[in-house]
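Notes follow once the structure below has been shown.
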Amino acid sequence: MPIITLPDGSQRQFDRPVSVLEVAQDIGAGLAKATIAGRVNGERRDACYVIEQDATLEIITAKDEDGLEIIRHSCAHLLGHAIKQLFPDVKMAIGPTIENGFYYDVDLDRSLTQEDIDAIEKRMLELAKTNYDVVKKRVTWQEARDTFEKRGEPYKMAILDENIERTATPALYHHLEYIDMCRGPHVPNMRFCQHFKLQKVAGAYWRGDSKNKMLQRIYGTAWADKKQLAEYLTRLEEAAKRDHRKIGKALDLYHMQEEAPGMVFWHNDGWTIFRELETFVRTKLKQYDYQEVKGPFMMDRVLWEKTGHWQNYADLMFTTQSENREYAIKPMNCPGHVQIFNQGLKSYRDLPIRMAEFGSCHRNEPSGSLHGLMRVRGFTQDDAHIFCTEDQIESEVTSCIKMVYDIYSTFGFTNIAVKLSTRPENRIGSDEMWDRAEAGLAAALAHNGLEYEIQEGEGAFYGPKIEFALRDCLGREWQCGTVQLDFALPGRLDATYVAEDNSRKTPVMIHRAILGSIERFIGIITEEYAGFFPAWLAPTQAVVMNITDSQADYVQKVAKQLSDVGLRVKTDLRNEKVGFKIREHTLRRVPYMLVCGDKEIAEGKVAVRTRKGADLGTFTVEEFAEILKNQVRSRELKLLNEE
């Protein structure tokens, strides 16, 4: 006689075991129609799941995040159903959900074209429109393997052989004649899977291992209703317009090439932005009392063995040999900073020591994961490490948080998601130490009045951490900043200080990054601003142009005046119509265009226009120089008179 407790505390008693869907029907026909699955005692279950004992139950509908994920997972099965009908010889691998959608890896003896993808999507919609029921069946391990052997599915058999215990009872989901294996839950009926779009095909190795066969990965997105799908596709279109790779090429910021995969060739204009970011962060380092250091590019493997990187991180490290010694190019800066700390005896009076570096790091990321500036192999971190006592953790973390928000606000990022990652199961140190560390981070967040999400067990083995994710104008999250406590590395590298009682103690190390990878941050702000960088970051801040050849000398004079006060200025003296020049520099996103005609020469002025088409009128060169200098000095986000 199960008693079901609902989220509002009310209870319903049944005289027999009852399914999730039957409970929903007992509550009301409308809820039953909307039921996708249920959360029974906190665990997601299919709508057909039978509850035999007293339990708590939350009904999952398309309005819930869980409901949307289940829809997406079922759309992956729908994709499998459709592709099997169109290409009977295809071998199905895995089809999980991802952010905003799903994918399925398939093994097919020819490359899928866009026409194929369109046909698969059309068949998916035809199948979904029949509103067929999805039937779940529990079978023995051997029955599951026999099923997939008969169906010629070697990848499903491999999953059973390598990942599922022989005593398990796998769940097979039947989509009419198509069968897939999954932990679930899935939708009870395909009427929930009507709003989807297949997006692209990419290569993916089976098991993510380059030694295995390359499969074709079909990506798709799925939503609860037509409106959500349309809004998402609109956001994708806007994101495509803002793609930093496209804008980077149009603005001649950088390029990448096959001979140096994942490495950036910075062009003059892109490097100008890079250096401006470094200059800005340096002003903040001074303000927050950091010292700036520079560590070596590579170090002997002996050091990396001490840190544990050689044992746990070797696949991501580039190595080289010389004179019978093996070296690793640094993937991170922290071991080098500990070496600097270790030079000379340190006292508790010297702490905290805040050590910052624009460190050039390299990681051997898989080639398939590389993506413009967002995922590279060679990058520069605005990295810092703070050596302090346990008593100083809260105050130092508070200072780090203030610095994070100080810097992000300059770029217009005010919507920041904060996450606190706590102790994992496998960790070093005592529970008391972790209690103090987590309490210190939580207190620092509270001190700054920040709401945060706790990520249980997501901390590193050597300490808890705070993550800061920027939400951009398209609602995407970019995880950039981290404040990470480390109780392990200083001890592994023999870092000590003389405590107040004259004993030797190991300092706590706080890893602190704000921009993270500068390369990636440039990619983020390129997309955030759509290439319309604020004046202080713009590679060229103003272009001075003539109307006819007779104004050329005046244009040169104006440009020199502006350059002499530190502004980045170019001239355009081409024998082209001024409207053509304005259009061209508008496309180049130059903040200000200064037009010099006979009238401006006679008045000793310049006519100023913005890249958004605003006519600001005429100014003396001195007036305009002061306006632009003030904008640069204060790092304003908007141009003059810009909404």
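Quick reminder: no glycine exception, Cβ is built from N, Cα and C everywhere.
In the record from Swiss-Prot, residues C334, H511 bind Zn(2+); the candidate from H267, H371, H385, H447 listed for the same site is H385. In the shown protein chains, 28 other C-beta atoms lie within 10 A of the C-beta of H385 (Zn(2+) binding site).
With a cut-off of 8 Å between CB atoms and residues at least 6 apart in sequence, the same chain places T307, D383, H385, D486, L489, M509, H511 near C334 (Zn(2+) binding site), listed in sequence order. Summarising the environment of H511 (Zn(2+) binding site), the number of other Cβ atoms within 10 Å of its Cβ, over all protein chains shown, is 23. Of the chain residues outside the Zn(2+) site list C334, H385, H511, M332, N333, H337, D383, A384, Q484, D486, L489, M509, I510, R512 have their Cβ within 8 Å of the site's Cβ mean position. Classification of H385 (Zn(2+) binding site) by DSSP places it within a strand.
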